[in-house]
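Shown next, in structure tokens, is the structure this report addresses.
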Amino acid sequence: MAKEIESATDLGDTNIKGVLVHGGRYFQYNVYGNLFEVSNKYVPPIRPIGRGAYGFVCAAVDSETHEEIAIKKIGKAFDNKVDAKRTLREIKLLRHLEHENVVVIKDIIRPPKKEDFVDVYIVFELMDTDLHQIIRSNQSLNDDHCQYFLYQILRGLKYIHSANVLHRDLKPSNLLLNSNCDLKITDFGLARTTSETEYMTEYVVTRWYRAPELLLNSSEYTSAIDVWSVGCIFAEIMTREPLFPGKDYVHQLKLITELIGSPDGASLEFLRSANARKYVKELPKFPRQNFSARFPSMNSTAIDLLEKMLVFDPVKRITVEEALCYPYLSALHDLNDEPVCSNHFSFHFEDPSSTEEEIKELVWLESVKFNPLPSI
């Protein structure tokens with residue numbers, strides 16, 4: 001089965017040379033006006049490969065292992081508590097999670113002096129591209145590609161959920177790929193424990209992949225939110241178009257109900273809020289669309305699985321474990337090669353009263369685990 005894909009990056013292959021600073025212990029680069037200052041073991045040239053709301057990413061070479069790696073710079077990481085917590089959360093989670101379908105964190109680069117710890121540089125394994133870029137490209141994708149992508153997403157999610165963690169921000173750009181189609185889940189900055197019930201005010205996950213219970217501000221959400229996101233991604237791989245590209249919350253719910261039909265009273269019992277139930281009941285009513293007509297390129301086993309993922313009531317939505325056992329993935333499913341995490345992840349470090357300086361200290365301590373401080 002030929003699964004190779006071509007690399008696709010937005011920023012080209014521009015190589016940028018560096019200059020040695022701090023007595024030769026660090027390389028400094030100017031990347032499109034962004035200062036990059038990293039340990040001298042990450043040798044030039046480096047090349048920019050991506051930018052986003054939470055950082056700028058460059059590829060470089062680790063001179064000790066001769067591997068090409070990705071370095072994400074989070075600028076002014078401790079200027080506000082929300083971003084600082086996000087950075088700490090992602091570092092701690094990726095150190096805890098060890099799975100073939102979860103991106104590997106390799107290093108955290110510290111500045112020479114603790115008082116200069118303003119920007120955070122996180123080193124990851126390098127992947128060639130992401131699913132968003134592949135979907136938007138002219139790269140041909142067949143059903144084998146789709147099966148393999150979906151299987152790896154679910155395999156990684158099974159492990160993540162078994163660690164008592166919800167990703168909460170699954171979308172094509174957070175699914176990294178290499179040229180032989182190996183897939184890794186990234187960006188755990190919004191992750192939460194499965195047992196939390198408090199609604200997250202900083203929740204900023206991309207609206208298009210957001211489950212109905214989140215759109216309706218349900219305070220008690222479960223791992224089913226990630227399954228909904230996977231369903232949206234599954235359909236997007238097949239059609240090369242976002243499934244529910246809502247312009248706002250109201251439009252998002254309208255697009256959802258136009259496809260899967262307006263929920264009946266029994267499907268709203270998961271909503272504790274009487275106001276939320278009343279709101280949904282007063283929305284325009286839509287019948288359920290025929291999925292075979294809506295997705296003519298999908299075979300019957302793919303449609304069967306998609307329908308089970310896109311269920312309004314999270315209680316009735318298929319679980320990751322059940323999805324892995326579905327006929328659509330039977331050629332890939334192997335229970336003995338779908339590991340779970342041996343230990344639950346604890347978010348105990350997230351003290352709401354923590355200051356930016358206290359969070360900075362915790363991130364500094366994380367960096368020490370990768371690079372112990374020199375003994376005096």
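Cβ coordinates are placed from backbone N, Cα and C, and glycine is handled just like the others.
Database features, via Swiss-Prot:
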| type | residues | note |
| --- | --- | --- |
| DOMAIN | 43-329 | domain 'Protein kinase' |
| BINDING | Ile49, Gly50, Arg51, Gly52, Ala53, Tyr54, Gly55, Phe56, Val57, Lys72 | ATP binding site |
| ACT_SITE | Asp169 | active site, proton acceptor |
| MOD_RES | Thr201 | phosphothreonine |
| MOD_RES | Tyr203 | phosphotyrosine |
| MOD_RES | Thr206 | phosphothreonine |
Residue from Ile49, Gly55, Val57, Thr206 whose C-alpha is spatially nearest that of Asp169 (active site, proton acceptor), among the recorded positions: Thr206
Rounded Cα separation (Å) that holds between Gly55 (ATP binding site) and Thr206 (phosphothreonine): 17
Local confidence of the domain 'Protein kinase' (43-329) - pLDDT mean: 91
